[in-house]
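Visitor: Pasting in a structure now, in structure tokens, and then I'll have a few things to ask.
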């Protein structure tokens, strides 16, 4: 008896649990279609019903209760009641109820979330052109997002961080207007750069909305002179090219020499940015100046031209006769000095011998005795020597 009672209680519990309606929350993009499904595993011919957040009955089994052409029946049976809501609007969001009419009535809730799609973003605040150094404030704005959309800035696909972000609730109190401001000073490197504002939102299915703006920056010229020769020589030609960059492009450029006009227009010909000087000579030496001007300002640079003598260059590469002559003179001088010193030395020693010979002869009867006497007295008579030069 207890065993049968246990089985009956288990069957009742399973039936009781099986007769509980099951639903799921639904998220849909505004304008899309929402499918609401209510299932019951075990049902003994008990009716199912869907009602909206205002507690209005939408369908009772397979019978439509609310006159709304957007709401249609998908499937109706003892185990399932599925309906669809097309062209969903933000006002459709809320809690929908599936009811199983047992005693007591069992219900299950399904929350319908409607995503507000952000409008295509717009970039404002750009006036063309912008002068270098001016402060730029670009604002990107998009409305209608729910929840609030995310805005990111890029310069040529490189993201810019640390930008201002503002979120405001729209008048319908359901969606948001989001704006972001990019604040920076214009630089010549920004000219031609593509600034883009990217809006990311879960309703966009990983395909962001992007607004783009190409920057146009005007700036003063930069100038550089390039020479066609690193060692210009007399009789040759040289071309000096004035490379100038600026916006608007400076055209033409102005060439001067030593602060004045080019002195020889026949040999010094300006063609566009090039200055060509033919048949170079020493009179062409000097400082050449290139000046570039556009509506923003002017800039200039200088090139010092030194024309070299090809003959002097050849002399430097051959033997240096002056150097050789100097070496010979030194050798002759050293030789003469050596001869003079040697003569003085010989003369000095000859005088000493004669003096000693004379002294020895005073006390000796002949020459041999005089020489012997001189050698014996030479050690003690060092201070008495006389030198004849």
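For all residues, glycine too, the Cβ spot is worked out from N, Cα and C.
Sequence annotations record features per position, and here TrEMBL assigns domain 'Ig-like' to 21-108, 121-211, 221-306. Feature annotation from TrEMBL assigns transmembrane segment to 322-342.
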Visitor: Restricting to the domain 'Ig-like' (121-211), what is the model's mean pLDDT?
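Guide: Computed over the domain 'Ig-like' (121-211), the mean pLDDT is 94 on the 0 to 100 scale.
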Visitor: What does the DSSP secondary structure composition of the domain 'Ig-like' (221-306) look like, as residue counts for helix, strand and coil?
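Guide: Computed counts for the domain 'Ig-like' (221-306) are 3 helix, 50 strand, 33 coil.
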